[in-house]
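Okay, so here's the structure we're looking at.
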């Protein structure tokens, strides 16, 4: 199955079911197809752990922060720094509308997360990843997933 077809099928399934959740193994397949395994030294398990601790695999999650900014999507990407929600000032370092981070095809969120991880702090940009994933054995995140 081609990369584009798999992403299309996963996003179609989510849209048809009006679901905002993606399964752990479906997400692992998409992340692998987008070459995140080993990206900047992080494993697929790191990415899965990040998505779980930030959003519980909820693609459409939006969270308001105490400073008035919002976090969007699977990776809870912040509107003050990374995306523009047109509600308050944003540096918009990913050059993306925050609403695009809620898209079931996941690509806008993945591309922005890759940009964030490419910076000096890597996944340490996410407090929840530091608290719950960093330095821990994460092999179980891929248990039962059939990857290519």
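Numbers here mean position along the shown chain, with the first residue as 1.
Placed from the backbone N, Cα and C atoms, the Cβ positions cover glycine too.
What Swiss-Prot lists as signal peptide is 1-19, and the listing cites sequence analysis.
The domain 'C-type lysozyme' (20-148) scores a mean pLDDT of 97 in the predicted structure. The annotation domain 'C-type lysozyme' is assigned in Swiss-Prot to 20-148 on the grounds of sequence analysis.
Annotation source Swiss-Prot lists disulfide bond at 25-145 (among others). A C-beta separation below 8 Å, combined with a sequence spacing of at least six in one chain, links residue 25 (disulfide bond) to 144, 145, 146.
With a 10 A radius on its CB, residue 133 (disulfide bond) counts 22 other CB atoms from all the protein chains. In three-state terms derived from DSSP, residue 133 (disulfide bond) belongs to neither a helical nor a strand segment and is classed as coil. Residues annotated as disulfide bond in Swiss-Prot: 49-133 (among others).
Annotation source Swiss-Prot lists active site at 54 (among others), citing sequence analysis. In the three-state DSSP reading, residue 54 (active site) counts as helix. Listed in sequence order, the residues of the same chain lying 6 or more apart from residue 54 (active site) and placing their CB within less than 8 Å of its CB are 61, 71, 74, 75, 76, 126, 128, 129.
Annotation source Swiss-Prot lists active site at 71 (among others). Following the DSSP three-state reduction, the secondary structure of residue 71 (active site) is strand.
According to Swiss-Prot, the feature disulfide bond maps to 83-98 (among others), an assignment based on sequence analysis. DSSP gives residue 98 (disulfide bond) a helix state.
Secondary structure at residue 112 (disulfide bond), as computed by DSSP, is helix. Of all the Cβ atoms in the protein chains shown, 23 others lie within 10 Å of the Cβ of residue 112 (disulfide bond). Annotation source Swiss-Prot lists disulfide bond at 94-112 (among others), citing sequence analysis.
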Please tell me which one of the disulfide-bonded residues listed here (49, 83, 133) sits closest to residue 112 (disulfide bond), measuring Cα to Cα?
83
Cβ proximity for residue 98 (disulfide bond), under 8 A, sequence spacing 6+, ordered by residue number, returns 70, 72, 77, 79, 83, 84, 85
Among the disulfide-bonded residues listed here, 49, 83, 94, 145, which has the most company in the form of other Cβ atoms within 10 Å of its Cβ?
83
